[in-house]
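The feature region 'Testis-specific N-terminal extension' is assigned by Swiss-Prot to 1-97, with similarity to another entry given as support. Summarising the annotation, Swiss-Prot assigns region 'Disordered' to 40-101. As annotated by Swiss-Prot, compositional bias 'Basic and acidic residues' applies to 44-55. According to Swiss-Prot, the feature compositional bias 'Pro residues' maps to 56-67, 75-95. Feature annotation from Swiss-Prot assigns NAD(+) binding site to R109, I110, D130, K175, Y197, T217, N412. The annotation D-glyceraldehyde 3-phosphate binding site is assigned in Swiss-Prot to S247, C248, T249, T278, T307, G308, R330. According to Swiss-Prot, the feature active site, nucleophile maps to C248. According to Swiss-Prot, the site 'Activates thiol group during catalysis' annotation covers H275. If you look up Swiss-Prot, you'll see S350 marked as phosphoserine.
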Amino acid sequence: MSRRDVVLTNVTVVQLRRDPCPCPCPCPCPCPCPVIRPPPPPPKVEEPPPPKEEPPPPPPPPPPPQIEPEEPKEAPPPPPPPPPPPPPPPPPPPKPAKELTVGINGFGRIGRLVLRVCMEKGVRVVAVNDPFIDPEYMVYMFKYDSTHGRYKGTVEHKNGRLVVDNLEINVFQCKEPKEIPWSSVGNPYVVEATGVYLSIEAASGHISSGARRVIVTAPSPDAPMLVMGVNEKDYNPGSMTVVSNASCTTNCLAPLAKVIHERFGIVEGLMTTVHAYTATQKTVDGPSKKDWRGGRGAHQNIIPSSTGAAKAVGKVIPELNGKLTGMAFRVPTPNVSVVDLTCRLAQPASYTAIKEAVKAAAKGPMAGILAYTEDQVVSTDFNGDSHSSIFDAKAGIALNDNFVKLVSWYDNEYGYSHRVVDLLRYMFSREK
């Protein structure tokens, strides 16, 4: 070890010093002299430095002054929700067409006669739809008619179209109204003559496929009912896209009831229609679960039946709602029917006064709708008559001045078809 060695022990520094021998002799140590050397002084042990005192931790910051929480203020009421946006405006109705065009759905009795009447009155038919009849068969069915005779013009088919008096008519064979491409033939007014699509929802399939308006040729459960000469002015082009032309019997009864009620007042009444048989009946006895009597042979029987025609008058003449009801007898004749209206009058009137009131209406505001006759007529005399109602002055009777029976004839096919076309033209005139 050198003269100065430093030993680090437990972090304590000890310094050792070796002094020379105190012996006076010059010999090298160890010295042989007997001199007793004093023991070396104990090594100085340095005291370890006192540990450094760590500075005391800083005093914690004084707590923030406690702020007493403010009493919660009542929250202001939330602002009212914004008003709901207005509903989108309805789609604008199609622009008025320059010419009335007609489509016919269903080429049965009424469908074919509507086409005949359109040809007579110069109304252009652009399409006929019937899934069960092809153009060749349409020619035959339109040309020959056992009740109204042979069509006097020309009828043929060409390139899949029906051609009547050189007018080409498109033929479609779609099963559902929504499938018929009415938009491809110029958005016509559609005559719904199948007897199937009677409600607004069912008939609106025509609208979705391009029809401008729809006239249902039967009473409807919910469509507005319009009878020419009675309430056609109730037609609203802005809201009515599907309307009903009511039934042939309602078209006969309503004009007569309107005249009598406006002039004398009807307290109550019962109607009976003696009605020609129709295609819904059986030629011989057959099954008819809903109407057992209706299943009996039409040519062999007088068959009592129900009808809603009298009650329907209350829909077109609201003042008579609940005052009329009626029934029908189906009889073995192919066409022309007759209404018997038995009613109690509010104002006493002679039968002569009643006849004069009906005669004046037939010559005036109801000309072409209501007719008057004093001839000794029978049903076939009115086959092909275009009026809705022909008052038979010689057939009616009166019990007294307040209780009368009134009789009026109607061609339930041809007269009704004329009213369908008249309603088409009236509705079209309201769009201009």
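The backbone N, Cα and C atoms fix where each Cβ goes, and this holds for glycine too.
Here the features listed in Swiss-Prot are placed on the structure.
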residue	record	Cβ contacts under 8 Å, 6 or more apart
R109	NAD(+) binding site	T278, A279, E413
I110	NAD(+) binding site	V191, A193, T217, E413, Y416, S417, V420
K175	NAD(+) binding site	P131
Y197	NAD(+) binding site	N105, P177, A203, G205, H206, V216
S247	D-glyceraldehyde 3-phosphate binding site	A218, P219, T307, G308, A309, A312, Y416
T249	D-glyceraldehyde 3-phosphate binding site	T273, H275, T307, A309, A328, S337, V339, Y410, N412
R330	D-glyceraldehyde 3-phosphate binding site	H275, A276, Y277, T278, Q281, G294, A298, N301, I302, I303, P304, S305
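For H275 (site 'Activates thiol group during catalysis'), the Cβ neighbour count at a 10 Å cut-off comes to 23, with all displayed protein chains included. Between C248 (D-glyceraldehyde 3-phosphate binding site) and S350 (phosphoserine), the C-alpha separation comes to 29 Å.
When secondary structure is read from DSSP and collapsed to three states, T217 (NAD(+) binding site) falls in the coil class. Of the listed binding-site residues, namely T217, T278, T307, N412, the sparsest CB environment within 10 A is found at T278. Look at R109 (NAD(+) binding site): DSSP puts it in a helix. The Cβ of D130 (NAD(+) binding site) lies under 8 Å from the Cβ of N105, G106, F107, G111, M138, Q173, each of which sits 6+ residues away along the same chain.
Around S350 (phosphoserine), a 10 Å sphere centred on its CB holds 12 further CB atoms from the protein chains shown.
Under the three-state DSSP scheme, T249 (D-glyceraldehyde 3-phosphate binding site) falls in the helix class. As a whole-number mean, the pLDDT of the region 'Testis-specific N-terminal extension' (1-97) in this prediction is 55. Here the Cβ of C248 (D-glyceraldehyde 3-phosphate binding site) has 27 other Cβ atoms within 10 Å, regardless of which shown protein chain they belong to. If you compare every pair of Cα atoms in S247, C248, T249, T278, T307, G308, R330, the residues listed for D-glyceraldehyde 3-phosphate, the longest distance is 16 angstrom.
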